[in-house]
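**Student:** Sharing a structure, written as structure tokens. Questions coming.
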Amino acid sequence: MFVTLIKPLARLHPRAWDFVQLVRLDRPIGIYLLLWPTLWSLWIAADGVPELKNLLIFVLGVILMRAAGCVINDFADRNFDGHVARTKARPLATGKISVREAWITFAVLVALSFGLVLLTNATTVWLSFGAVAVASLYPFMKRYTYYPQVVLGAAYSWGILMAFTAERGELPASAWLLFLANVLWTVAYDSYYAMTDREDDLKIGIKSTAILFGDADRLIIGSLQGLTLLLLALAGSRFELGLYFYLGLAVAAACFVWEAWSTRDRDPQACFRAFLHNHWAGLAIFLGTVADYALR
């Protein structure tokens, strides 16, 4: 549906689709995986009634910052992507978009995001600098550490902190439970993603948790998902959430079980489907959160 909505952009200019691909608007899974935990937190921070202004700011901010993250990622990987089957057609790798054009795109996206943050409060503005720093750092970590997914987890969890400060003007200690839960969840699902490229990454020297975990990959991913659910349950207790929130967690748990079963042979396509499937887990938790507040 999302891709259908943006298809008309290809007719605006002969090169428009190249930029759509650069910022991955044609692959919205990253938007969803960033959006759901941000919205969990926005709803919890606002006791179920977030300000419309903040809702719009965070939805647009998620789209813009995920796009910016894709640009800096492709810049960092431009000399590697051509050697990986899944990424060899990316616009920077093929030369359809120049490095200069990529940097201009990145700057515009960050500037627009910052303009949105300026509509919140000082604490959230200060936090936004950390968001840009972590998002920019992640792509380069793949050269130096087997834990780039942890950095990605921090980047994908930063919106949780900002949602609380935007709604409450402060950051309660319990918000860190949501932050840590999302970091662990991100490491889990991005490890599935890294499993699809593991053989290519080994050849070109790119590091990932999928390589680090080796034959224990599915066991460790399952353990991370279990810890994610435990931390979310603890957060639910701290924020006095009820039955529907925990039903959302139960659906997410079922999603995680399906992912473990479907990747039992470690087929790269199955691992990629498991990665995509996490969107449904995040959506289930969000719907459970919304229902819990709405039906009180």
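For all residues, glycine too, the Cβ spot is worked out from N, Cα and C.
So Swiss-Prot has the following annotated:
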- 29-49: transmembrane segment (TRANSMEM)
- 55-75: transmembrane segment (TRANSMEM)
- 102-122: transmembrane segment (TRANSMEM)
- 146-166: transmembrane segment (TRANSMEM)
- 169-189: transmembrane segment (TRANSMEM)
- 219-239: transmembrane segment (TRANSMEM)
- 241-261: transmembrane segment (TRANSMEM)
- 275-295: transmembrane segment (TRANSMEM)
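On this model, are these features tucked inside or out on the surface, and what's nearby?
**Tutor:** Within the chain, the transmembrane segment (29-49) has long-range Cβ neighbours (under 8 A, six or more residues past its boundaries) at 2, 55, 58-59, 62-63, 65-66, 69-70, 156-157, 159-160, 163-164, 166-168, 175, 178, 182, 185-186, 189, 235, 239, 241, 275-276, 278-279, 282-283, 285-286, 289-290, 292-294, 296.
Among residues of the same chain six or more beyond the transmembrane segment (55-75), those with a C-beta under 8 A of the stretch's C-beta atoms are 22-25, 30-31, 34-35, 38-39, 42, 81, 90-93, 99, 102-103, 105-106, 109-110, 112-113, 116-117, 119-120, 131-132, 135-136, 138-139, 155, 159, 162-163, 166.
With a threshold of 8 Å between CB atoms, the same-chain residues lying at least 6 positions outside the transmembrane segment (169-189) that come near it are 33, 37, 40-41, 44-45, 121, 123, 149-150, 152-154, 156-157, 160-161, 209, 221, 224-225, 227-228, 231-232, 234-235, 238-239, 274-275, 278, 281-282.
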